[in-house]
């Protein structure tokens, strides 16, 4: 029998007390503490019912547990119990509905005694009813009756937990549209029923809070943002509002469903989830500070102040649907105002609908009318959509044809709102669920469109409510027949009966806590065994929960549609989070085990190109985390799984998974291969064979893996030879092994090309495959895992300190452990560097500029401000820093903007800054005074540049590039227009040529002096994030993983640089070499050079483990900055020492000089001062990290 109630749960202060940051013990009332699951029914040992969600305690008490000196006080509203619903989302997308009552309850005596908590103290406790069905009102009513029964002066006729047990066990789920279930909590009668299945989905909530918190225009704006799947954050000081409004808006988008992360009430310590780049809908208490978060593009819906803010424009709903939707909502909310001029007498039978709800308080009829208004909106805006489904089997929808048809019928241009909606996951999910079924399917949208087309009453599509439901009565036979007439009353919420094992465990934990106080930190004899038991029990629960979730997420990842991007999917992000956040390695090993079990069950290893990239990144992360824990078994299993995927379907997988794992340093560790060899020997099924034969067979397996990884031939042979010599293999077998290894390498190279991204340089000409004649480059360091899609996980789990990498013995004999392998001798002698932390910003640093000598040079020479750094932040301030003043670097703070600073530039006397507040401000560099505020952009400013002649060039997300005259405070001209947001621009002041690009994936070239557009450079398929123009050459870097080289004069693409495994965030041109340098989110730095036959990659560097944010090339020095706060400085030793230039590749002459020790931080911007050998990074924590390489030449 399906039941309404799945669990009754009590959460609060458990026997093991920890603060929300993980510190054990009681530390006073000023701290918040982690809640625990205290009691539940059914009990945890009940085999028929699954356990409650493990995250339940954290979610039902999102702020944590607070200690108080007093309990309920009728004169103090802050002490009143709070009743609110929450919704949890499982890994498979299913929802769990929870009703909560939080209240102050006395602290248990044994806990107070063990932790020395003051007597008569109170702490937060929460009782919950959990259900898989959305019976919000039933859950709340039943829970409030139980709470009232507990603290009722008259008491209950049965023990409280007996009442709970009967209710949870015996109240059935009513049949939709047929049953009404009546049940009692002690003497209070409650009922539950569900609407018919062929009507609107069951919504046991009131929509009134939604329309009371937001006016009509903001309601429509909120609805549009949800429909277009933006990142949405709701704010309120009431928990109930966050959940009820989230649920209400999800019902208003019916028949479509929200497909992304859904957390209506986010626990306070999870505020970093807001930095996630994927769409989400989350609710956060307005008391939680988010000033340190950037929140670019997040739609913030403030329910307290009826306010919606966002940095990205939300396209409006087109006409006539907008007017229709707005008018219908106003008519429902304010019928007496809308119809004030109409006659009240129903002379023509037309006013009945307008006034039938006017005098009624808000109720279920109003909820139904509101939902139906939005359903009619979809029927109108998607009119005739079925005619554009080209293949009902694959749900292929002809979006362009539909938009053109709509444009003709409305006499309006193509509407971006509808175009974005038709490309959303929600619309694609709708097609998959509904299209192709028979005519009897329950599709209210189609029924409504048909009814409107036939001129019928639209409400006729809803099922009739005239049929009375069948009454099912659930009565407790023990109520009133206990015999003695005893009453049970309580002064606190009672505990359920514990088993002997539970009681013993509780006593052990409290005894350990008590012992810690008595002996001042000296461990008692029982402490080790207690902690061991706790860890074992906790690990068992974690393993089971994580593995179950991983199985569901893995299967869903493989089922994503062809139009869905796995790297931005909920499944990929959640798997990555489970791998990253788990210090014990359960997530990583569990993910590898998922793939292995899937292969063993008959999976053919078929992956789309996008799925292949996602799986490769997840395996990299799992191996990287396992390496930091010395978890060789997980590394070994991941390696074998990647090889099995290749063997299963070599033709379908577009690349060799192992080939992309080479960027991990573990493969150069001799100790790993020795351990793997020992494992293979132990697992060998033919142990009766000759020992030398068995060893040789396993060494062949090692050689195959090494070749698959693309490990350098010399390194692979060194490790094979070392293991063979240790096992006393004769020279004849060694010769055979050497020949076999060379043969395997040649086979791999002939098919895959040279694939190592670590020990060999790649030769890539355009999009063609690498060729085996590439020269090797021994001056490269091993890299950490590639971090595509990793930055947001780091931000979500920034509270977790990174574990240090274990030290394995290096494979190469010639590499010193004392210094990086590619440092020259001179560099090894001068390893002293100077890193300073500059404090001053209270928010994340979002813009950084270095004042160069070229900007401020005059006839006298360098001005004193050459080498200054200027920073901008989410705290709306601009700060000037002088690195020459140690300890007092901050020179000035410029205040005038009202939102985040995005761009900064300067010249001899002025500083210009652009902000999300759509303004550009010009400052006096010497006096720090605000000179001019330039207003004219309609969206956030993305780029600014000071030009000669008191001019400023700016670009913004409104798609315009404007020229300003600072002297007159006016916009001289809009010199360029793009079809979407401009993200980057370049301007040559000597020729008047302007290049700009952005979200429309087009690079636009204008001749400003001639007042004309020269070219639209087409070729990229995704956003262009970086652009560089030198003379007649323009270089662009895009999210499509490629860079392109263009000719300004001809308007043609001269080369496509395609060797990265992630979006390109920066491109640079080395004038002295006439070469190109590119940096990507894959953490790789690639050097490109013009050779015969085109532009080729002559060198790649893998010392960075996160996205490359900045590349700054000078004549002799090259500065690099990455998102993980790592920096590096390159130079040319032969030029510095006065020797002749190398006759070979010029770009490969760049050598790493040094890199400072990396610290744990998430970096948003980097700037370099190559003349003074300084690199500065700005972090999300508001700190600037200035690295100064003091080099004596």
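Note that Cβ sites are derived from N, Cα and C of the backbone, with glycine treated the same way.
Looking at 803-830, 831-858, 859-886, the range tied to region 'Disordered' in TrEMBL is 803-830.
TrEMBL lists region 'Disordered' for one of the ranges 693-716, 717-740, 741-764, 765-788, namely 765-788. Secondary structure of the repeat 'WD' (894-933) per DSSP (helix as H, G, I; strand as E, B; remaining residues coil): 0 helix, 24 strand, 16 coil. With DSSP classes pooled into helix, strand and coil, the tally for the repeat 'WD' (934-974) is 0 helix, 26 strand, 15 coil.
Mean pLDDT for the repeat 'WD' (934-974) in the predicted structure: 89. Long-range contacts of the repeat 'WD' (894-933) within the same chain: residues 294, 296, 311, 843, 846-849, 851, 855-856, 858, 863, 865, 870-874, 876-880, 939-946, 948, 952, 954, 956, 964, 966, 969, each at least 6 residues beyond the stretch ends and with a Cβ under 8 Å from a Cβ of the stretch. Per DSSP, the secondary structure of the repeat 'WD' (979-1016) breaks down as 0 helix, 23 strand, 15 coil. Counting residues per DSSP class in helix, strand and coil order gives 0 helix, 19 strand, 14 coil for the repeat 'WD' (1057-1089).
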